[in-house]
Ligand code: S3P
């Protein structure tokens, strides 16, 4: 992989995309950006507010625009994405796509046991109803797999272990 290429982390809510992106950025001496953060800061609104004021459809349109912007303007970065961002067209034009894969139960269990569990659930409108979220996970798994260049099983692994695994694969590809 060329060093100018971005790395795009995809996967379900709570899979650890943001934390892995930060760790990878440090390891690879790159900068990381997050699609939700970019959308939040450009509207000066939180994701939950965007959902409740403008609706999910509008949020998806913002993701679509952002995808075009990233493909055109960003290089050499680690990009963590919102769980639905992988549905945009031309995802692989942005960079090398890595899917952080974990079962729904594993993700929810880990979120529940995390330090700021309440905050993690509160900021994600699509986790309000866990039955619906489970269905969403099920329906998205195949899409994530199809869109991914690399699939990393992240269950029972620390952020450092996941980042190390990714780095190893990327290094191998350089040879
Ligand atoms: C969403 C995931 C969230 C955020 C929004 C919608 C989704 O990001 O983009 O709440 O559709 O899966 P995280 O994956 O960072 O939680």
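Quick reminder: no glycine exception, Cβ is built from N, Cα and C everywhere.
TrEMBL: automatically predicted annotations, no manual curation.
Checking the candidates 60, 124, 134 against TrEMBL: the one annotated together with 14, 15, 16, 17, 18, 19 at the ATP site is 124. Annotated substrate binding in TrEMBL involves 60, 83, 140 plus, out of the candidates 36, 37, the residue 36. A straight line from the CA of residue 19 (ATP binding site) to the CA of residue 140 (substrate binding site) spans 21 Å. A Cβ distance below 6 Å to any atom of ligand 1 is met, among the binding-site residues 36, 124, 140, by 36, 124.
When the binding-site residues 14, 16, 18, 83 are compared by the number of other C-beta atoms lying within 10 angstroms of their own C-beta, 18 comes out lowest. With residue 60 (substrate binding site) as the anchor, the candidate binding-site residues are 14, 16, 17, 18, 124, and the one with the nearest CA is 124. Least crowded of the binding-site residues (15, 17, 60, 140), judged by neighbouring Cβ atoms within 10 Å of its own Cβ: 60. Cα distances from residue 17 (ATP binding site) to the binding-site residues 36, 83, 140 are smallest for 83.
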